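Structure first, then comments.
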Amino acid sequence: MLSVFPSRALVDENFKVVVENLPPGSPVTLHSLHQCEDKHYWEAYGHYISNHRGTVSVTDDLSFGGTYTGKEAMGLLWSMRPVPGSREGLRLRKRNVCSPLLVNISVYRGHVVEGFREQAPLASSLTERWYMAPGGPCFYLQVHYLKNYFLVFFSFCPFPGLLDVWGGGGGLVEYRSALLGSHGYASLALEYFAPGELKSSDLEFNYFETAFNIVKDHPQVMPDKVGIFGLSLGASLTLLLAAESSIIKVSDILFVLCVCAIKIGPLTHIGLFYKPTLKSFFLVISFKVGRINCPVMVVNSHDDQNMATVESSEDMAQMMRAAGNLHLLTRLYYPDAGHLIEPPYTPHFRATKFVKDTKEKVILLWGGQTKPHSDAQEDSWKKILAFLEQNL
């Protein structure tokens, strides 16, 4: 008998996987399987031996092999990878956040390493992993010249607000905003260019100011409790807004959260991707980041193979120290983690396909090692939520 509890949960919640009624001392394999919206299959597995009661607990027992080893309660999720024979450079991302990630957990006799779908499991259980808590409203709107954006919140009380700005992959990325909404924040995910159409440099600065004001002025948002959350390119835009915007009034109630902040000095080494207009924005940051006068959290990874993020945060700290506001800066460092710090238990991607502004598809190296990267995602998310709670 195999049980998963809870069988329905948010993606950042732990679950417990237990197998009972096995013969004592039996070698078994716990296996997870997910088919993503692109119809690709992802899997993870661990090798266990049942105890004297004929029980295996993924939370309490050691995995002796597989895609993860040791005592790893969530290893069946964070160590997922495309099944053998899949295309190169895949990345698992949820598009429709109004439906769950469905993960089938199975137990097999013996220590299996391949051919899971050709074998009959001893038992299976289907679990649902949600970004947006079931029953929460969300809205797709088009306002003035903004591209589509996604706004999510729950019930009808006023909430603290967040502007969620993603990176150079473009498109409307909703799943982090959905998860933040599930934690009580009115979160707006903003699309500012489409994949293969790198036009962010053509946008006026007030495009982002308008998006911020949509959050702040929404009747279900507390206007004095609004922050900005940026990843990758979005982290640099976040710093730019905090340092340079005359519309966004930076005070001790606005905060900036930058995950894997991009280089805040000259960006000549990535000129292939970003046009000169946008590069000039970042040069402004390198001189005026000391103007930031609100709490800032920066999450950096030492094995970021995409950008010089650690050096950038050091530069930022020196500028803020010179301006007398270093006390507002919180920095998190993670050895052997890569560029893409996502919500916990998201599978690690060291390199994935990326669409350049020429619409050419390339393999882009993000960096990181699976176990430390996954640990970084879990630890940073807890600290991000604590930072939100403290400041908003």
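Note that Cβ sites are derived from N, Cα and C of the backbone, with glycine treated the same way.
Annotation source TrEMBL lists domain 'BAAT/Acyl-CoA thioester hydrolase C-terminal' at 204-249 (among others).
For Ser232 (among others), the entry in TrEMBL reads active site, charge relay system.
Taken from TrEMBL, the feature domain 'BAAT/Acyl-CoA thioester hydrolase C-terminal' covers 286-392 (among others). Counting residues of the domain 'BAAT/Acyl-CoA thioester hydrolase C-terminal' (286-392) by DSSP class, helix then strand then coil, yields 46 helix, 24 strand, 37 coil.
Other Cβ atoms within 10 Å of the Cβ of Asp304 (active site, charge relay system) number 25 in total over all chains. The active site, charge relay system annotation in TrEMBL covers Asp304 (among others).
Annotation source TrEMBL lists active site, charge relay system at His339 (among others).
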Other C-beta atoms that fall within 10 angstroms of the C-beta of Ser232 (active site, charge relay system): 25
Across the domain 'BAAT/Acyl-CoA thioester hydrolase C-terminal' (286-392), average pLDDT on the 0 to 100 scale: 90
Helix, strand and coil totals (DSSP H, G, I; E, B; other) for the domain 'BAAT/Acyl-CoA thioester hydrolase C-terminal' (204-249): 24 helix, 11 strand, 11 coil
For His339 (active site, charge relay system), the number of other Cβ atoms found within 10 Å of its own Cβ: 26
His339 (active site, charge relay system) to Ser232 (active site, charge relay system) - Cα separation in whole Å: 8
